[in-house]
Structures are given as structure tokens and as C-alpha cells.
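**Q** This structure is in C-alpha cells; I'll ask about it shortly.
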Amino acid sequence: MTSESATVIQMDDGRAPAPAAAGAAAAAAASSSYATAPTSISAAEPAAAPRKTTTVPFLLRSGAEGFRRCLAVIDFLLRVAAFGPTLAAAISTGTADERLSVFTNFFQFHARFDDFPAFTFFLVANAVAAGYLVLSLPFSVVVILRPNKATGGVRLLLLLCDVLIMALLTAAGAAAAAIVYVAHSGNRRANWVPICMQFHGFCQRTSGSVVATFLAVLVFIVLILMAACVIRRSK
């Protein structure tokens, strides 16, 4: 009895490679989807968010506008500083009054500011200057808030008024300084004796008023130079 070994040969009917082909197709599709994924993601990205702007204080802004604004702030502070000396000079001169009794109270010498026309003019000039400085503060604030070329007319107006007030204070201070000098030193040729040896309080008040007035004149000079510089740069 012979046994024959049966050999089984599997026939390829075209169905067996189907799973492999399907796997290859899926891999190709996945790779293609991965390749195109960044493009679709990048296309779907929203627009770039706006950058956050940091607010810079208006005093620190660079350029011509910041320069003009800084000078405007200094202008405001100088006007406030000049108001004190002019007001103090006016009050000190207006209250300069001293009496000197000789032997009895019925025989007295009197020294008062209105006895000298120069001191009267001096008092009025300082009062006008103090009032002007107060009235000019709102205009100075406008220049601070709007330091552009549109406020050139305001700057020019302040410049002209500053020049007039400086000239007024200079004239009044010079006239009062001459009287104070004569009161301290006298004049031998004219036979004018010094009176400050007797009227100490009167001379101290008037002398201090003259010094305060010339300090205000210096402040006005600085204001005029600053205003002229700004107007020159804005053209």
C-alpha cells in the first residue's frame, strides 16, 4: 500500500493581497494628510493679535512735541515762582510805615511809602505784575496740554506781555533802588542826610522789596528766552 503525499498548492485568486493593498493605501493617505496638515493649520490661523502699546507719559515723549511740552511745564513753574516775589514786594512796600519820636510824642518824623512817588510807582508795578502772572497761568496750562504749532499765537501773546511786564518791573525797581540808595547813603553835595540810621524798619522793608523785584525780573528774562527759543524752533 502506497501513500502519496498530497501537495496542496494554493492558487492566487487575487483576493489575498487585498488587505496589504488596503494597508498601503491607508498609509499613503495618512502620510499625505500629515504632509498637508501644516498647510491647512497655517491657513486656519487667525490674524496676528495687535501689539500692546505702552502709554508713555506726555512729559517723556521724544521729539519736538516733548521738548515744547517740557519747556511749557518749566514756564508754568517759573510763573508760579515769580508770583511770590512780586506779591511780597507789593505787600512789603505797601506796609512800609514808620514813625520816629523825638523828645516827645507830639514831635514826630514820619516815613511812609506814599511820601515818595517812586515807591508808589514801585507798588503799582509789582501789583500789576502779580496780577498778570495769575492771569497768565491758564494760558500756560493750555500750552502744556497742546504743545503743537496751533498754540503759537498763545506763546507769542505771552511773550509780548512778558516783555512789557519785565520792562515795567525793571523801571520800577530802578526808581525804587535809587531812593533806597539815597536813604542809606545820602548825598553830601545835595546836603541830603541818610535816614536809614533812624528809620530801620522802613529801609529794611523797601530794600527787601527791591531785591524781590529784581529776582522777579530775572525770572521774566528766563521766561522770555524760553518762549523765544520755542517760537524759533516751531518755524
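Keep in mind that glycine also has a Cβ here, set from the backbone N, Cα and C atoms.
Pasting the relevant annotations from Swiss-Prot:
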- 1-70: topological domain 'Cytoplasmic' (TOPO_DOM)
- 71-91: transmembrane segment (TRANSMEM)
- 92-118: topological domain 'Extracellular' (TOPO_DOM)
- 119-139: transmembrane segment (TRANSMEM)
- 140-162: topological domain 'Cytoplasmic' (TOPO_DOM)
- 163-183: transmembrane segment (TRANSMEM)
- 184-210: topological domain 'Extracellular' (TOPO_DOM)
- 211-231: transmembrane segment (TRANSMEM)
- 232-235: topological domain 'Cytoplasmic' (TOPO_DOM)
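How about a rundown of where these features are and what they're close to?
**A** Averaged across the topological domain 'Cytoplasmic' (1-70), the predicted model reaches a pLDDT of 51.
Through the fold, the transmembrane segment (71-91) approaches residues 59, 122-123, 126-127, 129-130, 133-134, 136-137, 140-141, 143-144, 147, 158, 169, 208-210, 212-213, 215-216, 219-220, 222-223, 226-227, 229-230 of its own chain, all at least 6 residues removed from its boundaries and within a Cβ separation under 8 Å.
Within the same chain, residues 76, 79-80, 82-83, 86-87, 89-90, 93-94, 96, 113, 154, 157-158, 161, 165, 168-169, 171-173, 175-176, 179, 206, 209-210, 213, 216 sit at least 6 positions outside the transmembrane segment (119-139) and bring their C-beta atoms closer than 8 Å to a C-beta of that stretch.
Look at the topological domain 'Cytoplasmic' (140-162): DSSP puts its residues at 20 helix, 0 strand, 3 coil.
Within its own chain, the topological domain 'Extracellular' (184-210) has Cβ neighbours under 8 Å at 88-90, 92-93, 95-98, 100, 109, 111-113, 119, 122, 126, 173, 176-177, counting only residues six or more beyond its boundaries.
Tertiary neighbourhood of the transmembrane segment (211-231): same-chain residues 68, 71-72, 74-75, 78-79, 81-82, 85-86, 88-89, 92, 122, 125-126, 129, 152, 155-156, 158-159, 162-163, 165-166, 169-170, 172-173, 176, selected by CB-CB distance under 8 Å and a gap of 6+ residues from either end.
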**Q** Do any residues of this chain, six or more beyond the ends of the transmembrane segment (163-183), have a C-beta under 8 angstroms from a C-beta of it, and if so which?
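**A** Same-chain contacts beyond the flanks: 86, 93, 116, 118-119, 121-122, 124-126, 128-129, 132, 192, 194-196, 199, 202-203, 206-207, 209-210, 213-214, 216-217, 220-221, 224.
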**Q** Could you tell me what the rest of the chain brings near the topological domain 'Cytoplasmic' (140-162), counting residues at least six beyond its ends with Cβ under 8 Å?
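**A** Beyond its ends, the topological domain 'Cytoplasmic' (140-162) has Cβ neighbours at 65, 68-69, 72-73, 75-76, 79, 132, 220, 223-224, 227-228, 230-231, 234.
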**Q** Could you put numbers on the helix, strand and coil content of the topological domain 'Extracellular' (184-210), residue by residue per DSSP?
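**A** Computed counts for the topological domain 'Extracellular' (184-210) are 13 helix, 2 strand, 12 coil.
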